[in-house]
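Asker: After the structure tokens below, expect a handful of questions from me.
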Amino acid sequence: MNKLVIQGGRPLSGTLTASGSKNTSLPIIAATLLHGGGTFTLHRIPNLQDIDTFRQLLHHLGAESSLENNTLTISTANVNSILAPYELVKKMRASIYVLGPLLARFGHARVSLPGGCAFGPRPIDLHLMVMEKLGATITIETGFIDAVAKEGKLRGAHIHFPISSVGATGNALMAAVLAEGTTTLTNAAAEPEIETLCNFLIAMGATIRGVGTTELEIEGTSSLHAVTFNNVFDRIEAGTLLAAAAITGGDITLLEANPRHMKSVLKKFAEAGCTIETTPDSITLKSPETLLPVDVTAKPYPSFPTDMQAQWIALMTQANGTSRITDKVYHERFNHIPELNRLGAGIEIHKNQAIVHGIRKLSGGPVMSTDLRASACLVLAGLVAEGTTEVLRVYHLDRGYENIEMKLRTLGASIERQKYQEF
């Protein structure tokens, strides 16, 4: 296994270009399954483990792809399978994104239930509700979702989401573009990732109204085509890099980053005392002498994102006072807190709220990653901790951050990847 070894205490400053968004890449890659001819060319696709896993899934279905210099080419002309097997789906919950496209194109899809909990804190029931509303019959047996469209064709419908769901909204969009008639989605997710998926589907020939809002209207079509498309930047990676500069007292400029997609996060950095300067495609952060404590509540977009919650907790350990971080999306997403406290943080957990007492002087030590954003949080802590911090199990980090140690070194961090044996 790999670990990151960090010598803390160095201010990080410099200029970086933001990577393409992983959370946008996955649904637009899935959407290529909707069309069976031509070649898709997708620019600004990050070279990540999750992208590789998704490509393996497409290859299993019969697609061909290549990724070079962040440009992904995909041909789905030879897709001849409707089966997404457990061996691939278990690696990544986002594999559920193939359900809608396969069902819409072939009238039948058989997709393994994602690994972990099928109906727990991150349920798939909304995805199944969407397909049933569009006229599919759903059965679950032997660990697989078996979805069959009546008479081989989905039908447009009105779908109201009881709670906002990016994944279910994405699957609804992809299924609806090939359905007969009109589909309306209310209380749909409005995240930039959904906006970008809409723009990709429109480029393919779909008709979608209300893009960027929580009410979407999709006119079904039978004619889509392959396209060349530019992916958007990764707003969570960008927020993490801004936090890396802020927690170490440095300054950073991110290029090819749209501040419109980060209003809630940039507002909180400003409240913490950081100076924020933006252009239409860049963000600059200058750190204050002392960070101020700032409460945040993670909720669906346009509110503060749950995927920045862990990083904000790390940042607030260095703020002069007490802050409260509440997560209303995933109530138990606090696995990083015991590890932060091992480094000297003072954090209490009360239900879905973390109370962070700053300023705390962190001391380096070994810490264990438990998930993607927890890994980023621990790296941030290591950057400011005194001495050496070892972040173990960084395969979690590799799922969502492209060349993270190289980028941090560019800013002045002392960080290197080493192999270790886990017993």
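We count from 1, first residue shown onward.
Placement of Cβ uses the backbone N, Cα and C atoms for every residue, glycine included.
Pulled these from Swiss-Prot:
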type	residues	note
BINDING	Lys22, Asn23	phosphoenolpyruvate binding site
BINDING	Arg93, Arg122, Pro123, Ile124, Asp125, Leu126, Asp307, Val329	UDP-N-acetyl-alpha-D-glucosamine binding site
MOD_RES	Cys117	2-(S-cysteinyl)pyruvic acid O-phosphothioketal
ACT_SITE	Cys117	active site, proton donor
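Help me picture these features in the structure, burial and contacts included.
Answerer: Long-range C-beta contacts of Asn23 (phosphoenolpyruvate binding site), restricted to its own chain and to partners at least six residues apart, with a cutoff below 8 Å, comprise Val166, Glu193, Asp234, Ile236.
Non-local neighbourhood of Asp307 (UDP-N-acetyl-alpha-D-glucosamine binding site): Ile236, Arg373, each in the same chain, at least six residues away, with C-beta under 8 Å from its C-beta. Annotation note: Asp307 (UDP-N-acetyl-alpha-D-glucosamine binding site) sits in a helical segment as assigned by DSSP.
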Asker: Relative to the Cβ of Val329 (UDP-N-acetyl-alpha-D-glucosamine binding site), which residues of the same chain, six or more apart in sequence, are found under 8 Å away?
Answerer: Ala298, Lys299, Pro300, Thr306
Asker: Would you count the other C-beta atoms found within 10 angstroms of the C-beta of Pro123 (UDP-N-acetyl-alpha-D-glucosamine binding site) for me?
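Answerer: Within a 10 Å radius of the Cβ of Pro123 (UDP-N-acetyl-alpha-D-glucosamine binding site) lie 15 other Cβ atoms.
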Asker: Counting other CB atoms within 10 A of each CB, which of the binding-site residues Lys22, Arg93 comes out lowest?
Answerer: Arg93
Asker: Give the helix, strand or coil assignment DSSP yields for Pro123 (UDP-N-acetyl-alpha-D-glucosamine binding site).
Answerer: coil
Asker: Identify which of the binding-site residues Ile124, Leu126 has its Cβ surrounded by the largest number of other Cβ atoms within 10 Å, counting every protein chain shown.
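Answerer: Neighbour-count leader: Ile124.
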